[in-house]
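J.: Below are the C-alpha cells for one structure; questions will follow.
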Amino acid sequence: MYPVDLHVHTIASTHAYSTLQDYIAEAKQKGIKLIAITDHGPDMVDSPHEYYFINMRIWPRIINGIGVLRGIEANIKNINGDIDYTNKFTKLDLVIAGFHETVFPPQDVKTHTTAMIATMAQGQVHIISHPGNPNYPVDISAIATAAARYQVALELNNSSFTHSRVGSEPNCRAIVAAVRDANGWLSLGSDSHISWSLGNFHHCQRILQEESFPIDRILNVSPQRVLSFLQQKNKCIIPEFNNF
C-alpha cells in the first residue's frame, strides 16, 4: 500500500460524492498519511467556483493526523499549453493538469503532444493527469522525455483501468516504460470521486510490477518524497509539514 494519494475529488466537483471529512476518515482507516484534494478547474462545466480554490487557505494542514495538500486538476485549454489555473490560485500546493473533452475536444497526436509539452514547459504544473487516455493519443516517448526535463510527474491513474477512459492500459504500460527509461517521475492517482476508492492503486501496482518500474521514482512512496518533489520543483515549502 502507498501512503499518499495525489488525485482526489470532493463534492465541490459536483459529479463526485464525498466531502473532505469523508476522505479524512477513510484515510485514517486505511493508514494513508497524505492526500491531495484536486477538484476540477473552473473551465469544467460542473467545477467549483474560483473562490473555492482561493479559500482553501482556511483548511488545516493536518487533520486528525492526515496531511492535506491544497490542489487542483486544471484543464489544458489549447495547443499553447494554457490551463485554467490563474494567478489567483498561486497559493495552491499541487497543480495537476490534463485533457477533458468539454474543454479541449480530442484532435490528433501532434496537437495533443504539442499542447501537453507546452503545458509542462510553462512551469506551473506538477503532474499530468491520465496521459494514457486513448481519446488523446500522444507521442509517448516525447512526453516522457519532456516530463523528465521539466520535472513533471506523469500519472498512472487507477480509474483508467476500471470505469473511466476505457482502453487506456496499452498506453499506460507504454508510459510507465517510457518514464522508466527517461528516469522521470510517476505519480499514482486513485482519481477518487467517492471516498471508498481512496488509495486504491490495485491496477497501478500490477502494471508497475509487470513493467519493472523502480520504486525510487514513484512519488507516492512517502509524504516526505512528495514534499521534497514540491520543494525542488517550485520552492514550495510548507512549514506545518516540517515534522510530518
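Keep in mind that glycine also has a Cβ here, set from the backbone N, Cα and C atoms.
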J.: To which of Glu73, Glu101 does Swiss-Prot also attribute binding of Zn(2+) 1 at the site defined by His7, His9, Asp191?
T.: Glu73
J.: His15, His112, His126, His130: which one does Swiss-Prot list with His40, His193 for the Zn(2+) 2 site?
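T.: Answer per Swiss-Prot: His15.
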J.: Given that Swiss-Prot annotates Glu73, His130 as Zn(2+) 3-binding, name the residue from His100, His202 that shares the site.
T.: His100
J.: Where does His193 (Zn(2+) 2 binding site) sit in DSSP terms: helix, strand, or coil?
T.: coil
J.: Need this for a regression test: binding-site residues His15, His40, His100, filtered to those with Cα within 10 Å of His9 (Zn(2+) 1 binding site). What's left?
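T.: Checking Cα-Cα distances against His9 (Zn(2+) 1 binding site), the binding-site residues within 10 Å turn out to be His15, His40.
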J.: Can you tell me which binding-site residues out of His15, His40, His193 are within 10 A of Glu73 (Zn(2+) 1 binding site) by Cα, answering none if there aren't any?
T.: His40
J.: Under 8 Å Cβ to Cβ from His15 (Zn(2+) 2 binding site), same chain, six or more residues apart: give me those in sequence order, or none if nothing qualifies.
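T.: Sequence-distant Cβ neighbours: Asp46, His193.
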J.: When you average the Cβ positions of Glu73, His100, His130 for the Zn(2+) 3 site, which other residues in that chain have a Cβ within 8 Å of that mean position?
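T.: Those within range, site residues removed, are His40, Asn75, Ile96, Ala97, Gly98, Phe99, Ser129, Asp191.
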